């Protein structure tokens, strides 16, 4: 699957056409009020481009929350999003109370030129995800012919299809892969994601550094193995470093995280790194705690001293930070996925914050820096560095699967150039 050869919105003829666009309006809500409109704001350039280039209408579809295939308009309706969209676009948005069916098809058949239409939550229908559960908790499964009907109805709502929902690209849901139109393009958000991941995965400048943090080795095996085929350098930190250090250095790790499953493949990983000539940097010192608590008593340890029984490592220490700074300074391309410590708590945030500062510095000197979604993106928001790195991915699961070398169904479904 080539990321850089997919049809993009700027190459799509939208004049006089109805554009059906899959967006990600899965925004946080409190009592039907949107608490963060970032995802809605992010979709505006793609919507505006269609309108400015003479599209007859833009029909928007999205999911919100996890209604599991059951209509829950009181809890998960997209209606509040229509109001927010209206204020951001400065024009009326027609909200429809469903996303498929005869009424919706009629409303979208011949809309007034320049219309913006928002459909109700896709996941009110079990046919979107293929499975769900009813209010009693019983599992429900969509019937194949109903899935086909659902997809056929969505396909009637537009003449061309645009997908701007990278965060859901790793899911083979109906709205991601089932709209049957001849031209299927990525929107500008999706395009930016694909452009940056193509830079890392298809044609990397070197030296290329991957920084991998997070808790469990087992969760990151596929990621580590795939990246070892691509990179020159790797930093392994976070909770999973303790498993490596215990296996490789026989380090005493006290009550730190230890991953039994992951421990079995540590030696394989090191053999592969050696074979590929990849240098892996591990932490050499640690900030420790006497319990997993924000206000725990804080101590310090090194690989040589070990971590005493009952204590746990929750961050890397100053020597590790110096080592990381040296490795980062040499790189021309960096992909970072996973924090180096419990960054949510100030006492254990220094390692991740020090690394972030070095990444920002490297970016200002021309290094390409890509932050995988999820917790690492949260770090960027916390320290206000989103515009000080090259790219912060909007998709945690989707970016992880790309870096693992998997094919994303939502990207594969797009037309090739």
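Glycine too: its Cβ is placed from the backbone N, Cα and C atoms.
Annotated (2R)-3-phosphoglycerate binding site per Swiss-Prot: 23, 24, 25, 26, 38, 39, 62, 63, 65, 66, 122, 123, 170, 171, in sequence order. Residues or ranges marked as CDP binding site by Swiss-Prot: 214, 219, 238, 338, 343. The ADP binding site feature in Swiss-Prot is assigned to 214, 238, 343. Residues annotated as ATP binding site in Swiss-Prot, with similarity to another entry given as evidence: 215, 220, 239, 313, 344, 375, 376. Summarising the annotation, Swiss-Prot assigns AMP binding site to 215, 216, 220, 239, 313, 344. As annotated by Swiss-Prot, Mg(2+) binding site applies to 215, 218, 219, 375, with the evidence given as similarity to another entry. The phosphoserine feature in Swiss-Prot is assigned to 2, 4; the stated evidence is similarity to another entry. The annotation N-acetylserine is assigned in Swiss-Prot to 2 on the grounds of similarity to another entry. Per Swiss-Prot, N6-acetyllysine is recorded for 11, 48, 75, 86, 97, 131, 146, 199, 267, 291, and the stated evidence type is similarity to another entry.
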Cβ neighbour count within 10 Å of residue 4 (phosphoserine): 15
Integer Å distance between the CA atoms belonging to residue 239 (ATP binding site) and residue 216 (AMP binding site): 7
Shell list (ADP; ref centroid = CB of 214, 238, 343; cutoff 8 A): 213, 215, 237, 239, 338, 339, 340, 341, 342, 352, 375, 376
DSSP-derived structure type at residue 376 (ATP binding site), helix or strand or else coil: helix
Sparsest-packed of the listed modified residues (199, 291) - C-beta count within 10 angstroms: 291
Assigned conformation of residue 291 (N6-acetyllysine) - DSSP reduced to three states: coil
From recorded positions 86, 239, 376, the one whose Cα lies nearest residue 62 ((2R)-3-phosphoglycerate binding site): 86
Binding-site residues (23, 122, 218), the one with most neighbouring Cβ atoms at 10 Å: 23
